[in-house]
Amino acid sequence: MASQYRKIVVKIGSNVLTQKDGLPDLARIQNITAQIAQLRSNGIEVILVSSGAVASGRSIITVPDKTDTIAARQLLAAVGQVKLLHTYYTMFAEHGVVCAQVLVTKEDFRDRKHYLNMKNCFTALLQNKVVPIVNENDVVSVTELMFTDNDELAGLVAAMLNADALIILSNVDGVFNGDPKQAGATVIKEIHAKETNFASFIAPGKSQFGRGGMVTKSAMAQKVARLGIPVHVANGTKDDILLGLLSNDVEHTKFVPGKTASGTKKWLATTAEATGIVQVNEGAKTALTSGKAISLLPVGIVAIKADFSKGDIIKVVDEAGVLIGFGIAQYGADKARERIGERNQKALVHYDYFYPSI
Ligand SMILES: Nc1ncnc2c1ncn2[C@@H]1O[C@H](COP(=O)(O)OP(=O)(O)O)[C@@H](O)[C@H]1O
Ligand SMILES: N[C@@H](CCC(=O)OP(=O)(O)O)C(=O)O
């Protein structure tokens with residue numbers, strides 16, 4: 001197997017790990033761990049983002065009907081995560097591979113310190129040849145604190161670790177040009193950075209145990225590819241899919257990467273939280289989204305919608321309030337307010353610290 005990738009993030013959906021009856025698919029997990037062990041012996045670093053805690057919990061306990069939905073999910077995930085990791089631990093051990101559990105929340109990506117602590121931990125694990133197995137900390141991630149799904153989490157991890165590729169394993173062969181269950185639908189081989197209208201060809205439904213569905217999966221994959229990281233969506237229920245994919249001989253969908261973004265830009269792209277909000281005019285919007293190295297100057301600002309301090313992440317929005325991107329402020333809201341519309345002033349956001357979201 002000759003692959004140009006040296007560090008990959010592999011995301012496995014609940015459906016890949018679960019049989020139709022809801023019980024964990026041990027043969028599947030065995031095949032996946034064997035593949036990862038082989039990739040590792042070929043010098044490829046692998047970070048696994050694995051769903052399946054809730055599904056695994058269902059195989060251990062029955063939640064009483066009257067339990068509220070949040071408590072039920074917490075209960076199933078807390079119980080199931082232990083079993084899931086025990087299964088991985090045992091199966092990786094057969095290949096002499098050590099694995100580790102990393103549970104994260106959305107908050108960990110919003111706070112620079114948490115972010116760096118997390119990143120340092122991954123670095124230490126990889127340097128020590130340990131396979132990190134990442135999942136959302138479902139016990140504390142409740143409703144608005146939750147990731148959209150583990151695809152979003154995998155995208156954030158891939159950007160944070162500057163991975164060479166993100167591989168998303170689902171229960172379909174890739175992104176189809178229509179409902180995969182309908183005759184005539186075929187797998188789209190490549191999706192380019194400009195494609196955004198996924199809802200026009202992707203059915204809104206999701207698989208039996210999945211959370212996000214293919215529309216959110218594709219939107220996330222697109223976002224990661226725009227940072228310069230190729231994203232592959234393939235069928236994890238097929239034996240040896242990772243090995244086949246990395247040898248370029250299985251049908252799947254590739255989200256073709258754009259220009260590689262800097263570490264700071266990757267961080268900006270992975271953080272959803274911004275303190276301030278700055279509104280800009282049409283000219284500034286066009287310039288900032290042109291793909292050129294253009295900074296946000298006060299002359300293009302029309303209003304400061306929410307306060308911020310120097311060094312904070314700010315949201316840049318257009319006159320209709322639509323998000324254009326995220327940036328790091330070079331000075332605080334008070335100074336920015338004084339300079340609104342003025343020429344020849346220092347940029348509020350330098351282009352190295354701006355990440356467009358459109
Ligand atoms: N155009 C499409 N191409 C591929 N899958 C689609 C499409 N439209 C809808 N889907 C559905 O999306 C599901 C995968 O998304 P999801 O349920 O989130 O899976 P996972 O648990 O792997 O994250 C597939 O099982 C499929 O039924
Ligand atoms: N953290 C949850 C997974 C949630 C999730 O996003 O699942 P999926 O859509 O199958 O990737 C669990 O382990 O059950």
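Every residue, even glycine, has its Cβ placed from backbone N, Cα and C.
Record check, TrEMBL: substrate site residues include Ser51, Asp138, and the candidate from Asn31, Asn120, Asn150 also listed there is Asn150. Look at Lys11 (ATP binding site): DSSP puts it in a strand. The Cβ neighbour count for Lys11 (ATP binding site), using a 10 Å radius and every protein chain shown, is 30. Proximity to ligand 2 at the level of Cβ atoms, with a cut-off under 6 angstroms, picks out Ser51, Asp138, Asn150 from the binding-site residues Lys11, Ser51, Asp138, Asn150. Checking the binding-site residues Lys11, Asp138, Asn150 for a CB within less than 6 Å of any atom of ligand 1 leaves no residue at all.
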